[in-house]
Ligand code: UDP
């Protein structure tokens with residue numbers, strides 16, 4: 001995946017609370033092109049692998065349970081400076097610390113159930129996009 005791409009998920013809370021449309025609207029209105037997208041559900045094995053970097057953290061079990069409890073929307077997005085600009089658009093991990101107008105400020109309910117994921121580096125964007133999408137699903 002090129003360096004102008006990032007990977008996102010609308011997490012189970014965002015889907016459950018009916019925010020898919022509003023979140024996608026804010027993403028596309030902010031200049032991101034959708035390269036790939038699907039409604040899917042992660043298995044426990046998927047979530048443990050996706051968040052393996054956090055496996056020693058105290059919140060890991062809760063995070064895996066949360067991320068597998070219902071469907072997510074997974075997507076690859078394209079824009080100049082995609083990773084950094086998308087992290088700005090979603091805001092801080094903890095919605096109480098997220099800037100006004102950011103997706104997490106508007107739609108997250110807690111530090112754990114924070115509505116969206118955004119890759120934190122070009123390398124992870126590539127790994128995470130490939131985790132969810134085959135090359136032929138990327139447009
Ligand atoms: N998380 C949590 N408790 C914490 C920190 C993080 O439940 O104290 C969850 C939260 O859903 C977060 C994810 O773990 O989005 C990954 O954490 P990270 O620090 O990578 O934050 P992000 O990059 O998603 O902002």
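Don't overthink the numbers, they just go from 1 along the chain as shown.
Any Cβ shown, glycine's included, is placed from N, Cα and C.
Note: TrEMBL annotation is automatic and uncurated.
Positions annotated as domain 'Nucleoside diphosphate kinase-like' by TrEMBL: 3-137. The ATP binding site annotation in TrEMBL covers 11, 59, 87, 93, 104, 114. Among the features that TrEMBL reports, active site, pros-phosphohistidine intermediate is placed at 117.
Features as recorded by TrEMBL, highlighted on the structure.
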| residue | record | DSSP (3 states) |
| --- | --- | --- |
| 11 | ATP binding site | coil |
| 59 | ATP binding site | coil |
| 87 | ATP binding site | helix |
| 93 | ATP binding site | coil |
| 104 | ATP binding site | helix |
| 114 | ATP binding site | coil |
### Summary
Candidates 11, 59, 87, 93, 104, 114 (binding-site residues) with CB under 6 Å from ligand 1, in sequence order, are 59, 93, 114
### Query
Cβ-Cβ under 8 Å from the residue listed as 'active site, pros-phosphohistidine intermediate', same chain, 6 or more residues apart: which ones?
7, 8, 9, 11
### Query
If you count Cβ atoms within 10 Å of the Cβ of residue 93 (ATP binding site), leaving out that atom itself, what do you get?
12
### Query
Quick one, of the binding-site residues 59, 114, which Cβ has the fewest other Cβ within 10 Å?
59
### Integer average pLDDT (0 to 100) for the domain 'Nucleoside diphosphate kinase-like' (3-137)
98
